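Participant: Structure in structure tokens, see below.
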Amino acid sequence: MNRDDAVALDQADPLAPLRNLFDLPEKTIYLDGNSLGALPRATAGRVAEVVTQEWGQGLIESWNTASWITLPQRVGDKIARIIGAGQGEVVVADSTSLNVYKVLASALSIAAEDSPERRIVVSERSNFPTDLYIASSLCRDRGYELVLVDSPSEIEGLLDRTAVLMLTEVNYRTGYLHDMASVTALAHERGALTVWDLCHSAGAVPVDLRGADADFAIGCGYKFLNGGPGSPAFLWVSPRHVDRFSQPLSGWMGHAAPFEMSPGYRPAEGVSRYLSGTPAVIGISALECGVDTLLAAEAHGGLQALREKSLALTRLFADLVGSRLPGFTIESPLDDARRGSQLSLSTGEGAYAIVQALIERGVVGDFRAGSPDILRFGVTPLYTRYVDIWDAVDHLVAVMDNDEWRAERFWTRGAVT
Ligand SMILES: *Cc1c(COP(=O)(O)O)cnc(C)c1O
């Protein structure tokens with residue numbers, strides 16, 4: 001394999017035209033779409049239209065005339081197509097952190113009624129911290145114990161006592177991908193409910209919530225859905241649970257008739273009861289442009305084709321690291337079936353500085369502290385090219401061979417790493 005082979009793979013790639021849907025800086029190799037997705041070309045124009053026309057000219061009328069009020073459901077329906085949910089089952093609202101609170105609270109209410117003897121919520125110690133912080137606070141309020149496992153193999157032994165199993169489908173550090181269908185089936189067989197966090201899987205791997213018979217799911221708008229910084233998140237509830245409880249953040253947008261302005265809360269039918277306050281119109285409009293870039297892939301083989309390309313990209317990356325960078329360890333699963341859309345590496349020392357040296361060369365990945373510290377490279381098959389992987393590894397080899405990363409300027413950490 002040489003650089004020309006990578007260029008040839010791009011020339012033969014049926015998904016290659018989709019890169020044109022994005023406005024990417026000329027010289028950058030962007031391998032951080034799992035942290036902040038790239039800017040779709042359509043977004044700036046659409047946001048300008050929402051601001052100048054719908055807001056500027058339409059003013060308050062636009063809640064009706066531009067259908068602002070149904071944006072959470074309309075964009076939710078588009079996301080449903082990406083995560084194997086039905087129409088009318090997904091809403092866009094709030095942040096992932098808040099949505100974790102809402103769905104976990106509902107799951108605990110159901111468990112308290114159906115199996116009150118179950119007193120634990122199970123998750124992984126390596127889960128994204130905000131999920132664990134929210135879960136631990138909720139468990140404390142409701143009298144549950146949050147039990148964290150160090151390996152997925154420890155989950156099974158806990159399921160007979162578990163009220164809710166809360167997992168992130170693709171681990172943010174390693175890219176480990178759970179088998180959602182089999183884990184959910186096992187949890188159900190043993191009487192536990194499931195909450196799935198799709199932050200690193202929605203738009204990156206084919207998700208089939210209905211096929212897996214999952215219970216609750218939430219996920220992020222600004223990662224693989226390309227919704228932009230601070231984009232609102234999404235939330236799905238299985239139709240079999242959705243009308244059983246109203247969630248605790250029972251604001252007026254989740255009311256059956258918000259403009260009755262009645263003092264008593266009456267939850268809306270279906271997933272709309274998971275809305276709380278006024279929808280973030282500008283943010284959801286930007287998110288819609290991001291989701292449309294993924295739906296555009298439907299004409300090119302859809303998520304299955306994206307998945308195959310993503311695996312080919314991370315496999316190429318792993319092969320090149322294996323042959324050219326003996327000082328690095330691959331922290332992501334090498335088994336395709338267990339690897340999300342990223343490759344994580346570790347090395348003896350200087351992970352943060354190495355990532356900074358790469359950024360100076362135009363290769364944008366990121367660093368995640370922990371043990372070990374991780375150099376993380378996300379691939380987004382909508383716009384990542386094979387040649388980008390080749391060049392990124394070439395830059396990493398240069399950073400190491402020239403000891404570039406030892407330069408002092410790479411050792412100062414910013415507020416966001
Ligand atoms: C990115 C991410 C979040 C982010 O939550 P916010 O509320 O948007 O800050 C939460 N959970 C997981 C698993 C994530 O990957």
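We count from 1, first residue shown onward.
Including glycine, each Cβ sits where the backbone N, Cα and C put it.
Quick paste from TrEMBL:
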type: BINDING; residues: THR96, SER97, PHE128, PRO129, THR130, ASP131, THR168, ASP197, HIS200, TYR222, TRP252, THR278; note: pyridoxal 5'-phosphate binding site
type: MOD_RES; residues: LYS223; note: N6-(pyridoxal phosphate)lysine
Participant: Given THR96, PHE128, THR168, TRP252 as the binding-site residues, which ones have a Cβ positioned under 6 Å from some atom of ligand 1?
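Facilitator: The binding-site residues passing the 6 Å Cβ test are THR96, PHE128, THR168.
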Participant: In the structure shown, which of the binding-site residues PHE128, TRP252 has the fewest other Cβ atoms within 10 Å?
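Facilitator: Across PHE128, TRP252, these binding-site residues, the one with fewest Cβ atoms within 10 Å is TRP252.
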Participant: Considering only the binding-site residues THR96, THR130, HIS200, which fall within 10 Å of the residue listed as 'N6-(pyridoxal phosphate)lysine' when distances are taken between Cα atoms?
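Facilitator: Matched binding-site residues: HIS200, sequence order.
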Participant: Counting every protein chain present, what is the number of Cβ atoms, excluding its own, within 10 Å of the Cβ of LYS223 (N6-(pyridoxal phosphate)lysine)?
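Facilitator: I count 28 other Cβ atoms within 10 Å of it.
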Participant: Validating a neighbour-count step here. Other CB atoms within 10 A of the CB of THR130 (pyridoxal 5'-phosphate binding site): how many?
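Facilitator: THR130 (pyridoxal 5'-phosphate binding site): 15 neighbouring Cβ atoms within 10 Å.
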Participant: Restricting to the chain of THR168 (pyridoxal 5'-phosphate binding site) and a gap of 6 or more, list residues whose Cβ falls under 8 Å of its Cβ, or answer none.
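Facilitator: The list for THR168 (pyridoxal 5'-phosphate binding site) reads GLU124, ASN127, PHE128, ASP131, TRP196, ASP197, LEU198, CYS199, HIS200, given in order along the sequence.
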Participant: In sequence order, what residues of the same chain, 6+ apart, have a Cβ less than 8 Å from the Cβ of THR96 (pyridoxal 5'-phosphate binding site)?
Facilitator: THR130, ASP131, ASP197, CYS199, ILE218, GLY219, CYS220, ALA233
Participant: Does DSSP put THR168 (pyridoxal 5'-phosphate binding site) in a helix, in a strand, or in coil?
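Facilitator: Where THR168 (pyridoxal 5'-phosphate binding site) sits, the three-state DSSP reduction gives strand.
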Participant: Report the largest Cα to Cα distance, in Å and rounded to a whole number, among the residues THR96, SER97, PHE128, PRO129, THR130, ASP131, THR168, ASP197, HIS200, TYR222, TRP252, THR278 that the record lists as binding pyridoxal 5'-phosphate.
Facilitator: 30
